[in-house]
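Here's what Swiss-Prot has on this protein:
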type: BINDING; residues: 78-91, 284-296; note: NAD(+) binding site
type: BINDING; residues: R98, R108, R136, D226; note: substrate binding site
type: SITE; residues: Y143; note: site 'Important for catalysis'
type: SITE; residues: K194; note: site 'Important for catalysis'
type: BINDING; residues: D226, D250, D254; note: Mg(2+) binding site
Amino acid sequence: MGGRYKIAVLPGDGIGTEIVQVGVAMLEAAARRFDFAFDFEEAPIGGAAIDATGEPLPAATLELCKASDAVFLGAVGGPQWDTLPSDKRPEKALLGLRAGLGLFANLRPARILPQLVAASALKPEVVEGVDILVVRELTGGLYFGIPKGIFPEKKGGRRGVNTMSYSAFEIERIGRVAFEAARERRGKLCSVDKANVLEVSQLWREVLVGLAPEYPDVELTHMYVDNCAMQLVRRPRQFDTIVTENMFGDILSDEAAMLTGSIGMLPSASLGSGGPGLYEPVHGSAPDIAGQDKANPLAQVLSGAMLLRHSLRQPEAAQAVERAVQTVLEQGYRTGDIAAPGAQIVGCRAMGEQLLAAFERA
């Protein structure tokens, strides 16, 4: 397959350093097997960057990311930085990174692996076989629309205002990402909106319907957001790929995530138009277990598989990494967060060793 790729590695805070080490090792193993190469370059972000430079996202870190083929991020944040002004906290680095890289599409898979069906809060017969991808628009909608703020009223009192706003262009570009993703999966795309009430959702639906003829191999359906929230719990297997606006996606992706039983298993990708994508686990920095070799690296490893698939167009390598994850789970290895009766509990490093062994044996 060939090719040499530059990856910006941002371990961040808490367990970030531990899980990123495992993720990088798996990427290196994939490169060896599938005949391509990586140049990894590490940079600080979040609290680690604040301690080193005074800024959560140093200019040098952002420039490295812009010059890379993809960005591989661990996690940011921790209680020692909670007293800082809001614009100086570690989490602000993520917003700056998304804006600086022009990322507008967030992809969050929620897949129930057969070995972890019992970890879900729902009955096995409800969640068995669930494999959902939520495509969330990241840069528009209620979180960013103008006007916004808290304003005085003429007769006294105050009024809070937020605006849900989308242009047809913004809807079309997220729609294309979703159609392409659905085409690579099972060919079913559910667009989630509130078109029975909101004009912005009526435009959303109109644009998605207009795109559909370009993707005749993808079945497009529509669902109101309140019904979707119910159906995710009632009959989640009906969904393949979901596309929705920012706030709806924020809520629904978290709901879909909890079908799986452990947030420690969930990867994510944030994509733009042609530049580097950002790949990170959904979970946070878990400062309470940092440095104790207790972290679950599987979400980081699966984020690496998404990096291989979406930014590097190496689908066979991505599948091989995902198979290694399934293999170690089949063998009974678990970190503490996904422990089950009869399982062999291992730490982060040992899980990484088992992953590499499974990958090399396959």
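Any Cβ shown, glycine's included, is placed from N, Cα and C.
Most Cβ neighbours within 10 Å, among the binding-site residues R98, R108, R136, K294: R136 holds that distinction in the structure as shown.
Using a 10 Å Cα-Cα cut-off from D254 (Mg(2+) binding site), the recorded positions that qualify among S86, P90, R108, K194, A290 are R108. For the pair G78 (NAD(+) binding site) and D226 (substrate binding site), the Cα-Cα distance reads 34 Å.
Take the Cα of P90 (NAD(+) binding site) and measure to each of the recorded positions Y143, K194, D226: the nearest one is Y143. Classification of R98 (substrate binding site) by DSSP places it within a helix.
The most densely surrounded of the binding-site residues G78, P90 is P90 (count of other Cβ atoms within 10 A of its Cβ). Look at the Cβ of each of the recorded positions D82, K194, D226, D250, A286 and count the other Cβ atoms within 10 Å; the largest number goes with A286. Reported as a whole number, the C-alpha separation between D250 (Mg(2+) binding site) and R98 (substrate binding site) equals 15 Å.
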